[in-house]
Amino acid sequence: MFPWQFLTSPAGKWLGFVTAIWVQAISGNNYTFSNYSHALKSLMALTQLQLNNLSVAKDVGKAFGLLSGLASDRWPTSIILIFGAVEGLIGYGIQWLVVSQRISPLPYWQMCIFMCIGGNSTTWMNTAVLVTCMRNFAKNRGPVSGILKGYVGLSTAIFTDLCTALFSSNPSKFLLMLAIVPAIVCLTGVLFLKETEPASMPSEQKQEAEFFHAFDVIAIAVAVYLLAFDITGTHGRVLSLAFVIGLAVLLAMPLGVPLYTFLYTPSGTQPSCHNDDIEHQIKEPLLAKIGGPIEKPPEIQNSNEGINLRDIVGKRQPLIGEDHTIIEMVQTFDFWILFFSFLCGVGTGMCVMNNMAQMGLALGYHDVSIFVSLTSIWGFFGRIVSGLASEYYIGKCGTPRPLWNAAAEVLMALGFIAMASALPGSFYIGSILVGMGYGVLLTITVPVASELFGLKYYGLLYNILILNLPLGSFLFSGLLAGLLYDAQATSTSGGGTTCVGPHCYMLVFVIMAIACMLGLALDVLLAFRTKNVYAKIYESKNHTTTA
């Protein structure tokens, strides 16, 4: 009886959130391309442009995330997670077979297909987790987004450091980890991640906030632990195994929250779960919630029939802050401001992550794993801090959340300038700043989209915004970086190309810094246009606190 009692108690909701954390901790495999790209380049004798287009194919998989967005409104979370597990097993499994030379290198177009399948797997994982948790914890969207996206940021460092500790950074074994581990974790999520009713009472919301602080502390401990492993140099076999055991313990520590809830929360306060786990369509618009009840017109005030807000006001375009259909959303100017500002930041960030190996080699670094980990870990700090700080300042003074995206664009621009300077240590500084800014952008854009356009079609909305990842990868990595690198490079005997020196990527870094300045201007414009929405959210939060 104990397992069933545990799952149907309030602890079941928190156990689902813990499994969501684990899914996010393994769903950043798309950002690990630099760990095995050099092996692919050598094995397949690729030019830098061809290698970059292979990474673009990986990111194009995210464009098909629209399918997972559509599915999230129709299918249970468990089915979406299973899709992600199977796709990852196939996509990265085939890459492992090629890199480990268990099969002959596939034709270039076939490799592109399997890269795309592997890339698409993460969209199913992210959609399942984000849609479910944003609805389960609708009153704490900032912290939820910060924690979940924070673990996505850490996932690259988790995979990289585990491979370094266990397999001495062997690229074929690294790919085997990417194929098997996410599949196992997703199947765990299938059992426990369900949709539940969000907190409705102030006491419940306060308890949620306290638990999220606990999750933040644990996540920071994981990040510091990974950072300590990275900066302490090489390790012996015993220390490496001790590191792996310690990391496993830290990743299991979030289980303390559902266990505490099960032992100390009265059973009478348990949330109601949907038996079929199909996510209910949210009918009430955000501004109706935070602006108070909407009165009926006099002629229908005495009617006992249910009233639909859209029926009262006719077929008008919904206001920003209300639920939008996808068609209504793309007709708004604010959506396109958000879309293109996001493109400027994540597109340039994807370029660095996809080309980290070649950028490091061009600047004289033969082992770039430290830069991959630094980008990941400082991306985590950007995610966790921005999620907490943005929520705090909305409640304190109604600060529009897009201003945090503007700050992220500044960080990334400074990072690109540091990389372009090619001074001693500047690549370390640039990796930290770009990682931090990229993490802020991915975290802040998630609640911004829900606050401006509602949660009703959030799964599809999220995946439309994620189209910026393959689009940005194509523009900045596939075209800009690939073409400019090959223009500076010399041919090798195997048919590929190579370039060594600061000049290889200097112009690329300068152009990306300019793109981030454009993103800064767009984010400031969006913050100005949406200040009334955040003023209403501020009023709602303070009304709830004093109620």
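Every residue gets a Cβ built from N, Cα and C, even glycine.
In TrEMBL this protein carries:
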type: DOMAIN; residues: 13-258; note: domain 'Nodulin-like'
type: DOMAIN; residues: 323-534; note: domain 'NFD4 C-terminal'
type: TRANSMEM; residues: 75-96; note: transmembrane segment
type: TRANSMEM; residues: 108-134; note: transmembrane segment
type: TRANSMEM; residues: 146-168; note: transmembrane segment
type: TRANSMEM; residues: 174-193; note: transmembrane segment
type: TRANSMEM; residues: 214-232; note: transmembrane segment
type: TRANSMEM; residues: 238-263; note: transmembrane segment
type: TRANSMEM; residues: 335-356; note: transmembrane segment
type: TRANSMEM; residues: 368-390; note: transmembrane segment
type: TRANSMEM; residues: 402-421; note: transmembrane segment
type: TRANSMEM; residues: 427-448; note: transmembrane segment
type: TRANSMEM; residues: 460-485; note: transmembrane segment
type: TRANSMEM; residues: 505-528; note: transmembrane segment
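Beyond its flanks by at least six residues, the transmembrane segment (335-356) meets 31, 33-34, 37, 52, 55-56, 59, 329, 368, 371-372, 375, 402, 405, 408-409, 412, 416, 419, 431, 434, 437-438, 441-442, 445, 448-449, 452-453, 465, 468-469, 471-473, 475-477, 480-481, 485, 505, 508, 512, 515-516, 518-519, 522-523, 525-526, 529 of its own chain at Cβ-Cβ distances under 8 Å. Ranking 146-168, 238-263, 427-448, 460-485 by CB pairs under 8 A with the transmembrane segment (402-421) puts 427-448 at the top. With pairs at least 6 apart in sequence, the transmembrane segment (75-96) and the transmembrane segment (238-263) have fewer than 3 Cβ pairs within the 8 Å limit; the two do not touch. Sequence-distant neighbours of the transmembrane segment (146-168) (same chain, 6+ residues past either end, Cβ-Cβ under 8 Å): 20-21, 24-29, 31-32, 35, 126, 129-130, 133, 174, 177-178, 181, 212, 215-216, 219, 222-223, 226, 229-230, 235, 240-241, 243-244, 247, 369, 372-373, 375-377, 379-380, 382-388, 391, 435, 439, 442-443, 446.
Between the transmembrane segment (460-485) and the transmembrane segment (75-96) there are fewer than 3 Cβ pairs closer than 8 Å, counting only residues 6 or more apart in sequence, so the two stretches are not in contact.
Panel annotation: around the transmembrane segment (505-528), residues 334, 337-338, 340-345, 347-348, 351, 355, 359, 362, 400-403, 405-406, 409-410, 412-413, 416-417, 419-420, 422, 437, 476, 480-481, 484-485 of the same chain, lying at least six beyond its termini, place a Cβ under 8 Å from a Cβ of the stretch. With a threshold of 8 Å between CB atoms, the same-chain residues lying at least 6 positions outside the transmembrane segment (214-232) that come near it are 17, 21, 143, 146-147, 150-151, 154, 157-158, 161, 165, 243, 246-247, 250-251, 253-254, 256-257, 370, 373-374, 377, 380-381, 384, 388. In this chain, the transmembrane segment (75-96) lies apart from the transmembrane segment (368-390): fewer than three C-beta pairs between them fall below 8 angstroms, excluding pairs fewer than 6 positions apart. Looking at the domain 'Nodulin-like' (13-258) alone, the prediction's average pLDDT is 87.
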